[in-house]
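Data block below; observations after.
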Ligand SMILES: Nc1ncnc2c1ncn2[C@@H]1O[C@H](COP(=O)(O)OP(=O)(O)O)[C@@H](O)[C@H]1O
Ligand SMILES: CC(=O)N[C@@H](CCC(=O)OP(=O)(O)O)C(=O)O
């Protein structure tokens, strides 16, 4: 099977133009087939504050009302996605910006209301991905750049970017040897969040359970690990969580950061 890198870049790096440019330069230089998924929660929060739209997260997921949906559609599908695509084009990487609605790439269902009403948040399954269209793009070396947006019943929906990366990886895992890499601003999953030298090099299902019990994992690292384990359990070959600066090491043989296995 052919190798495919599925790479997710998070909000803290997107918010720093220098770090983002350096990351995109590295991404453009990867010679194997690749897909990029970007977040942007931090930028949406910042622009929302300027527009008087307050951000409200529960369990790492944004509560998305009508105004917030307009905000995230503009910020993720417009500003962030198109800036990345334009930069990649300048770097001679033929990127194409995609939301879940474009080419029916990712269909979703609006999250059912249980204890919490998340509003216009989309839940997805691997079967909801338009893999034939992705194959066409990859075959002609057009590089998909996904915004964290899906669609259902004529509306856009907001979907966590780590989840999109995981579901795309699962959907494509029958046809490619996938390495899914979550890139963010830390060196990996850390024993002590303030100590960059405390990287946990390897997390298995068992150590994951004990880290949860020890309360080592908080905030945004929780959905990242949930999605990492969901991918590895569903047939994705390799999953890594590491620093954006280490992208080229993490696409090679000797990796940095945190390796996820069963
Ligand atoms: N044990 C941990 N290791 C690494 N990061 C952690 C840990 N516990 C909490 N975090 C927090 O999780 C954040 C990553 O989640 P998030 O900000 O959502 O990233 P992204 O936008 O890249 O998805 C880190 O910036 C850090 O503050
Ligand atoms: C439903 C939901 O929470 N969606 C996320 C999508 C953006 C995202 O995931 O951004 P990062 O990867 O930078 O955190 C949000 O609006 O924050």
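If you go along the chain as it appears here, the first residue is 1 and each next one adds 1.
Each Cβ is built from the backbone N, Cα and C atoms, and glycine gets one as well.
Where the annotation comes from TrEMBL, it is an automatic prediction and has not been curated.
As the structure is a computational prediction, the values presented were derived from the model and not from experiment.
Binding of substrate is attributed by TrEMBL to 40, 41, 158, and within the candidate set 62, 179 the record adds 62 to that site. A separation of roughly 11 Å, to the nearest angstrom, links the Cα atoms of residue 8 (site 'Transition state stabilizer') and residue 40 (substrate binding site). Here the Cβ of residue 62 (substrate binding site) has 24 other Cβ atoms within 10 Å, regardless of which shown protein chain they belong to. Classification of residue 8 (site 'Transition state stabilizer') by DSSP places it within a strand. For residue 40 (substrate binding site), applying a Cβ distance below 8 Å and a minimum sequence separation of six or more within one chain yields 11, 14, 75, 76, 80, 147, 148, 161.
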